[in-house]
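The structure appears below as structure tokens.
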Amino acid sequence: MSHSVKIYDTCIGCTQCVRACPLDVLEMVPWDGCKAGQIASSPRTEDCVGCKRCETACPTDFLSIRVYLGAETTRSMGLAY
């Protein structure tokens with residue numbers, strides 16, 4: 001079972017989710033769509049255990065962890081699939 005980290009458009013670039021993740025699933029990437037100039041991205045979704053610490057840490061309810069069967073992992077925001 002893998003977990004998909006859905007990233008929505010309310011990221012403020014605070015890095016709280018990145019620091020909260022115990023498995024280093026998230027990272028910040030450059031993005032012009034927010035004031036901070038960076039946005040959370042999830043390049044290592046195969047390592048996500050669904051603990052939801054990133055969701056809890058997020059001050060804007062930006063992240064959502066959803067459980068999928070198989071290798072159905074995605075990154076939203078059009079950054080990659």
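Note that Cβ sites are derived from N, Cα and C of the backbone, with glycine treated the same way.
Annotation for Cys14 ([4Fe-4S] cluster 1 binding site): spatial neighbours Ala36, Pro59, criterion Cβ-Cβ under 8 Å with sequence separation of six or more. Under the heading [4Fe-4S] cluster 1 binding site, Swiss-Prot lists Cys11, Cys14, Cys17, Cys58.
What Swiss-Prot records for Cys21, Cys48, Cys51, Cys54 is [4Fe-4S] cluster 2 binding site. A coil conformation is recorded for Cys51 ([4Fe-4S] cluster 2 binding site) in the three-state DSSP classification, outside any helix or strand. For Cys51 ([4Fe-4S] cluster 2 binding site), the Cβ neighbour count at a 10 Å cut-off comes to 15, with all displayed protein chains included.
Computed over the domain '4Fe-4S ferredoxin-type 1' (2-31), the whole-number mean pLDDT of the model equals 79. Residues annotated as domain '4Fe-4S ferredoxin-type 1' in Swiss-Prot: 2-31.
Taken from Swiss-Prot, the feature domain '4Fe-4S ferredoxin-type 2' applies to 37-68.
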Of the binding-site residues Cys11, Cys17, Cys58, which one has its Cα closest to the Cα of Cys48 ([4Fe-4S] cluster 2 binding site)?
Cys17
Among Cys11, Cys48, Cys54, the most crowded of the binding-site residues [Cβ within 10 Å]:
Cys54
